[in-house]
Amino acid sequence: MQTYLLSQQFYTGSLAQNSTACPANATICKGTSCVLPEDNFNETLSIILSTVLTIMLALVMFSMGCNVELKKFWGHIKKPWGIFVGFLCQFGIMPLTAFLLSLVFNVLPIQAVVVLIMGCCPGGTASNVIAYWVDGDMDLSISMTTCSTLFAMGMMPLCLFVYTKIWTDSNAIVLPYDSIGISLVALIIPVSFGIYVNHRWPSKAKIILKIGSIVGAILIVLIAVVGGILYKGSWIISPKLWIIGTIFPAAGYSLGFFLARVAGLSWHRCRTVSLETGMQNTQLCSTIVQLSFTPEQLELMFTFPLIYSIFQLLFALLILGGYRVYRRHRVKTKTDVEKTEEKEDSKSTSSHAKINGGFVSNETK
């Protein structure tokens, strides 16, 4: 009897100890099995950051618009050869590349679909900021981003219908036309204000442009960092998707530049088309994926848009760094050549003056 009472006391004390192991805010507690209330911290943080980043992005696009001249912008619309080349890159090269990469690496059907969704997305606004830093054609860059977002309304369903048939029913993919429309409005309105400011107050527009380009560069990095923090629990995915996420943006940049050069575009427009091709609207891809697939399916491929975003940024920074080194070397070389030519001109002028008794003609002055 005494032994029974001792064991009963031990069991009661052990149960009490186990029950205290559960957090105070647990909704159900049975021993060490606890059910905690849903944590909305990430959701709240995501909403706050999305709002802040959207406002900052609008300001950046406003500053980018301050570098756009209305006549040149309208010239690209009236003679849209550059836009047409960009269109072929955006909705021709990128979906085909996504399709081939999915076949070569033999990924799961659901993973192939997310790669194709990324390939069918329009260009992202980050390309406008990088295009500015590599001395690209800003008028072409913004007109390409605007047109690709507009064309995405029809081209995304068409490309997904053509390329996803062997893996899934294209009707199962939900396209958020409202998000595409919001992206279009968020692009057109601030850029239009920037174009107006550049037209009315060119000197002030240059100041706004310099500030906005720096803020834009910071914003691109910030978006990548924030995405990594918010989705840190989704990094464990197939190594094949990591490899595709590395190759895909590099292929987009390279093939875009090559096609633009074959089409006869100038070097600064080739750089612009290259960036517009490789830099995709990864936020739109994430939205489509979340709307179209179940939580079990998302575990297999949800992080791919973030992986692509990181590597498209890294390759863009490499392009920027390479261009800056090339530009510095070219300017230095050009300056040395000019100095050599000036010395040769001064020597020939002095010798010519000696021969002609100190007389220097007006042509040599």
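Every residue gets a Cβ built from N, Cα and C, even glycine.
Quick look at what TrEMBL annotates:
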COMPBIAS  334-347  compositional bias 'Basic and acidic residues'
REGION    334-365  region 'Disordered'
TRANSMEM  45-63  transmembrane segment
TRANSMEM  83-105  transmembrane segment
TRANSMEM  112-134  transmembrane segment
TRANSMEM  140-163  transmembrane segment
TRANSMEM  175-195  transmembrane segment
TRANSMEM  207-229  transmembrane segment
TRANSMEM  241-260  transmembrane segment
TRANSMEM  306-326  transmembrane segment
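The transmembrane segment (241-260) shares more Cβ pairs under 8 Å with 83-105 than with any other stretch in the list 83-105, 112-134, 140-163, 175-195, 306-326. Within the chain carrying the transmembrane segment (83-105), a Cβ under 8 angstroms from the stretch's Cβ atoms is held by residues 76-77, 111-112, 115-116, 118-120, 122-123, 140, 143-144, 147-148, 151, 155, 159, 162-163, 167, 240, 243-244, 247-248, 251-252, 255-256, 259-260, 263, 265, 273, 276-277, 280, all 6 or more beyond its ends. Listed stretches 112-134, 175-195, 306-326 were compared with the transmembrane segment (140-163); the greatest number of C-beta pairs under 8 angstroms is found for 112-134.
Below 8 angstroms of C-beta separation, residues 118, 126, 130, 133-135, 220-221, 223-224, 227-228, 231, 234, 241-242, 245-246, 248-250, 252-253, 271, 274-275, 278-280, 282, 285-286 of the same chain, each at least six residues beyond the ends of the transmembrane segment (306-326), sit close to that stretch.
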